[in-house]
């Protein structure tokens, strides 16, 4: 996905001190952010001009100790054609030499009201999510008790109908039919809907419904971390399904592994309640309580007692 300086300005509500339409349309190609401290003393080895340049209180205070000519020289070297923008934090005053060098080199100058660390964190979070490589998977993503559950299965097995029932039970729809997944970092997988399918759910026999319009803003989310995969499968008498919770199946998406639970589907079974229970049980395991282990311990104790008798 392409992220422009204008998109960053709109997302973080930054003030444009200098920058025309062309400069604000510049693409940001990396989520890495540079604080040009060493560059201000003339050290440009390993300098990355393609990064956003963030000036905080430390850099600003040091600039005040320099002469006007030195300040201009520093910014003339920092600002390159490939530099997307420079952001000054805390609403600090923009040095005239910075503006002059920015105009000469075609670099937008932005100003934020937040602290430097807060601004840096917000920019990194936004850019990492927007610039991450995406993969589209078939399924439905639902937020169940704050946990992202990816529901997969054959076409027509009832994924969307199950998601609708979960929404009616107070959970939140993230994406239907196509889920765009991406890794925000090494161990965190996120999912979001395609823009054209935002808040929409397709129900066979009914058509497309707008979940936000019908059930309100509390029934939808624009994105969610993906923590569990539920695979719906047609029930077959000769098929073996996990009955104790011993299964350790996983799927890998974008290099991130998440647990997978296979659930058989047959007439009369309330799949949405089963998925809800599976999500709660998984969360309980994450918190240290394992019902399967409890059952095994009780069974072992019972066998021991019977053996003694």
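Cβ coordinates are placed from backbone N, Cα and C, and glycine is handled just like the others.
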| Annotated region 'Important for the catalytic mechanism of dephosphorylation' segment (source Swiss-Prot; candidates 258-263, 264-269, 270-275, 276-281) | 264-269
| Three-state secondary structure, which DSSP defines for residue 158 (ATP binding site) | coil
| task | For the recorded ATP site, enumerate neighbouring residues of the same chain (Cβ within 8 Å of the Cβ centroid of 153, 154, 155, 156, 157, 158, 159, 160, site residues themselves excluded), in sequence order. | result | 232
| message | Need this for a regression test: recorded positions 138, 154, 160, filtered to those with Cα within 10 Å of residue 177 (active site, proton acceptor). What's left? | response | 138, 160
| field | Of 153, 156 (the binding-site residues), the residue whose Cβ has the fewest other Cβ atoms within 10 Å | value | 156
| said: Under DSSP, is residue 202 (Mg(2+) binding site) part of a helix or a strand, or is it coil? | reply: strand
| message | Taking DSSP as the reference, which of helix, strand or coil describes residue 153 (ATP binding site)? | response | strand
